[in-house]
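Marked as domain 'Ferric oxidoreductase' by TrEMBL: 49-170. The transmembrane segment annotation in TrEMBL covers 12-31, 43-62, 83-105, 125-146, 158-178, 184-203.
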Amino acid sequence: MGLKMVAYIKKNVHLQILIASIILPLMIWSVSNEPQRTLLKESLSIVTLVAFSLMISLFYLSRTNQSVVNKMKFSTLIGLHKFIGYTAVTLLLLHPVTLVIPRFFEAGIAPFEAFTTIVTTFTSQGVVLGLLAWSLMLLIGVTSLCRKQLPIRYQTWRVFHAVLASLSALCATFHVFYLGRHSGFPMIIFITLLTTGGLYLLLNSYTSKDQKTGEKV
């Protein structure tokens, strides 16, 4: 059974991408030397970390990655891309709220006061980048859901979607570098490679001379 599972994973590139996007950040987190916090705080931190990693993995789970295209049906690829996208974006949009949820169970600053402080600290580059990433992700989600109602051609929307995704990924990445609790050297290397590779695939798909025409994720 184990050998069959390994063989199945080897044949499916999208599974390899998903496993790497989930397991690798968790492995790095597990060996970090950060002081242990409450179970609630660590759980929320892990969910956000995995959601961020999965969001970046969408660059690899699209038509920009020929290794995936050659192994999957286009309709299956679109469905997977949308499912992960909507799930990851929803979790990340909730990130500012999850930061203050533990405050309901702790003494000190009230949750609403903590939330207000977080989203209005414009002197912090990390906070500003986080707010930009949040706004861009919200725009990505809304325009994806309402794509067919938008008064623009699909090709125009596709470029718009790619630009938003790239800017959001960059802002979110540097937000993690500035403020991420688990942004030690190993995590920074992992995130840098993941984001850089994804952006390279996207850029290459739009600049390649032999790019095939047709609808893309």
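Note that Cβ sites are derived from N, Cα and C of the backbone, with glycine treated the same way.
Curation does not apply to TrEMBL; its annotations are automatic.
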Report, as numbers and ranges, which residues of the same chain sit near the transmembrane segment (158-178): CB under 8 Å and 6 or more residues beyond its ends.
52, 55-56, 58-59, 92, 124-126, 129-130, 132-133, 136-137, 139-140, 143-144, 152, 187-188, 191-192, 195, 198-199, 202, 206, 216
Leading stretch by Cβ pairs under 8 Å, where the reference is the transmembrane segment (43-62) and the options are 12-31, 83-105, 125-146, 184-203:
83-105
Quick one: average pLDDT across the domain 'Ferric oxidoreductase' (49-170), no decimals.
93
Would you mind listing the long-range same-chain contacts of the transmembrane segment (83-105), meaning Cβ under 8 Å and 6+ residues beyond its ends?
18, 38, 40-41, 44, 47-48, 51-52, 54-55, 57-58, 61, 111-112, 114-115, 118-119, 130, 133-134, 137-138, 140-141, 144, 172
Within-chain partners of the transmembrane segment (184-203) [C-beta distance under 8 Å, separation at least 6 from its ends]:
21, 24-25, 28-29, 31-34, 53, 56-60, 64-65, 162, 165-166, 169-170, 173, 176-177
Checked against DSSP, the composition of the domain 'Ferric oxidoreductase' (49-170) is 94 helix, 0 strand, 28 coil
